[in-house]
Structure formats: C-alpha cells, structure tokens
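Student: Take a look at the following structure, please.
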Amino acid sequence: MEIFNNDVQNKTSLNRIIFRLAMPAILENILHTAVWMFDTAMVGRLSAEALSAVGFGSQLAFTLVNIIGAMGIGTSALVARHVGADQPEKANKVIAQSFLISVTVSIVLMVINILLARPFFSLTMKDPEVISLGITYVKIVSFGIIFLIPTMVLNAALRGAGNTRLPMLSALVANTINIVGDYVLIFGYFGFPRMEIKGAALATVLSQIVGGIITFSYLLLGKDIVKLNLKQAVKIDIDVVKQLSKLSLPSCLEEFSHSGSRLISSIWITRMGTVPFAAHQVAVSAESMSFMPGYGFSVAASTLTGQCLGAERPDEAEKSALVAMKLALILMGGVGLLFLLFSHQLMSLFTNIDEVKNIAAACIRIAAFEQPTLAISMVMAGALRGAGDTRGTFKVGIIGTWLVRLPLIFMIVFVFKKPIVYVWMATVVQFVVEAFFMFLRFKKNNWKKIKI
C-alpha cells in the first residue's frame, strides 16, 4: 500500500496522509487502553489487594513480552524501506523470518513467566493475599504469550507497509471479547461462575488468541502488498536475521530499559503501601489515554520516514515527521487539559475506594504537565526508528529512565520519603529530558544517511 504521492509537499495532502495512518493506530491504541482501563475498573471493584496483584502481575507477565515484541520495530523499519523502494518480495522475506523468530521466542517466554511467578512475587511483595492472587494471574495470562508476540510482530509489519487498519480491526474484535469476558467471568454473570482475578486472566488469553488468528489469517491469505509465506518461515535466513538484529536489538534493549525501570520503580513504590501503589496503578491506567495520539502519530512518522527514505525522498521524510509532531502536540495538549480539569471524575471510573481515588486524582493532575514533551518524545522517536536509528532512541531512553527517573524516584521513596505524587513529578522531568534529546538528534539529520 503506497501511502505517499507526488502531492506530499502540499500541506493539506500531507495532513490527510498522516491522519489516514495515525487514526487507525490511535483507535487501535484506544481499544487496547480501554481493555486495560476496563480490567482495572472491574478488578478495582474487588479489593485494593486484587488491584495491586493485577497491576504488578501485568508488569511481570508482560515485561519480557514487550522487550521481545520490540523486534517489531526492526521489522516495521525494514518492511517500510522495502515497500518504499517497491521491493515487496524482500518485505515478505522479512515478515516470514520475523514470524519464525517470534513464535520460537514466545514459547520460551511463556515457560519462563510461569516458572518465575511464585519466586518473583514472594521476593517483592509483603501482603500474602497480593502474592497469592498475583501468582494465579501471571500463570494464566502467560499462556497467551505464544499468540501475543507473533501478533505484535505481524501487526508491526503491516504498519510498516502502510496498513494501520487491519491491526485496528483485529484489536477491535479481540478487545471486545476481552471486555465481555471480563464482565462475565470476573463477576459471574449469565450463568458463568464468579472467577474474579482468574476470570480477568482468562478473558485476556482468549482475546489474544482471537487477535492472533485474525492478523495471521490476513497475511497468510495475501490480501495486501505484503504477505506471510510460511515456506520462507521454515528455516533461518542468516542475511535477513542479521538485518533484523541490527535494527531490533537496540529496540529490544530500549524496551528492556523502560520495562526494567518501570518494574524497579514499581517495586520501590510498593514500599509505600498497598493503597498508594493501587492509586498509582489507577493513575497509570488513566495516563495511558494520553499515549493514544502520541502512539498514532509516532506510527505515522515511522511509516512515512521509512517509506520516504526507501523511495530516496529524505526531505519529505523530515517534513512528514515534523507535521506529525505538531498534530500530536495539539491532541495531547487537549488530553492534558482533561486530566487537569476532570481528574476526580476520571478516577471515579476506575475505583470506588475513596482513598485510592483521591491520591490517583492528584497524580493524574501532575501528568497533565507532561503531555507536550511526551508528544515530542514519542513522535521524534517514531521517526528515528522508522529511519533505522534505533541506537539513538535507545541511548536517549537510557538517559531518561536510568539517569533521571530512577535516581529521582529512589530519593523520593527512600531518602526524602515523600508521597506518591512526587514520583509523578519525577516522570515529568524524565519526559522533558527525553524530548530535548530526541528532537536534538532528529534535527542533526544523520538519520537520513542510514542504510539498512
């Protein structure tokens, strides 16, 4: 699917192209976020212990998944370049090899998560009920990993080819199943047993299976400019794997950096107590709404940058990324305004526990101020990754997470012993730093010379 044309220099045409790419990605992200929010809201009706168990359990279960799933960034960049250069067969080979690797690794990760659940919760949590509930949740959701990681990689390939609609439709069906499953299985409606946390986990796994089947079938049937050829996924192609590794390894390390820092900070925050941690998880769920436009325009910037460079049109790649950033700033600024003005109303959607709600509302008001720099950081990172500069985004991520956010949170929790809202202030500082360095790296224009 060719997503740019000779009129791309026209501002109106470029805006339309960017929105055509970004909106399905935003809607897809809304669907994923809606499920996360719905999970949080449903589990939040059970107890603070259940909320903490699911929040922390999700981080454990999906930390390694997100790290390996980041190989989709390399897949997307390669597919975009090949499609832009009118080389769909090369793109298909990349997709097949990515699929082979993702299936193999997902089986290993499923086993690792199941084995680590008990020792990890026992070492990091104090509340016996949270430990018991968390272990149960992680062991169940781990079975969905063998569908989740390949789906993430295949969807990334489709986005690189300019198709952001199919991943959205796949997410629509899968997440509808998840939401209905949550409602029915957590509380035991329509004749189903009341399963509480087990029900939430089962609904998640079922949705991942369905989403995987939809994306896999679409690419297998060859309905797009790119397709999945299983014959090319039978054995390793060393040259393609080297290309993927060159681009994907920094992205995986970047995700490891982010996920690892989130996990460490969550462990530290649990020391504040069950209620502050539960409030933190609720606020994080609401904050994820602000990632939607950032994610969508990041996808648009990544796809356009990769395809324009593949077609040897670097100036149009730069222009596309900057326009995508401006549009993200406008929309994310609006989300920030919602956080500032309607914090209590938003938190009421997630929990009816007053103490948790009040603390979470204070946190989300602080999150309102991170929106402009978050928009810049996300879109510039997307453009750089689309160009193949995954090392650059990795370096900036290291600075923001390990040299800024984590040291600040450590001092807040253990040295100054401040309330949870100060942790959110540290996150604002992190995004300011990351936005500055991402934009600086983009404006140097070295990414225009990268060969992949």
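Even glycines carry a Cβ here, placed using N, Cα and C.
These came from TrEMBL, pasted as-is:
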TRANSMEM  21-38  transmembrane segment
TRANSMEM  50-73  transmembrane segment
TRANSMEM  94-116  transmembrane segment
TRANSMEM  136-157  transmembrane segment
TRANSMEM  169-190  transmembrane segment
TRANSMEM  202-221  transmembrane segment
TRANSMEM  327-347  transmembrane segment
TRANSMEM  359-384  transmembrane segment
TRANSMEM  396-416  transmembrane segment
TRANSMEM  422-442  transmembrane segment
Student: Test the contact criterion for the transmembrane segment (136-157) and the transmembrane segment (50-73): 3 or more CB pairs under 8 Å, pairs 6 or more apart in sequence, then answer yes or no.
Tutor: yes
Student: Do at least three C-beta pairs under 8 angstroms join the transmembrane segment (94-116) to the transmembrane segment (50-73), pairs 6 or more apart in sequence?
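Tutor: They are in contact.
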Student: Are there three or more C-beta pairs under 8 angstroms joining the transmembrane segment (169-190) and the transmembrane segment (202-221), sequence spacing 6 or more?
Tutor: yes
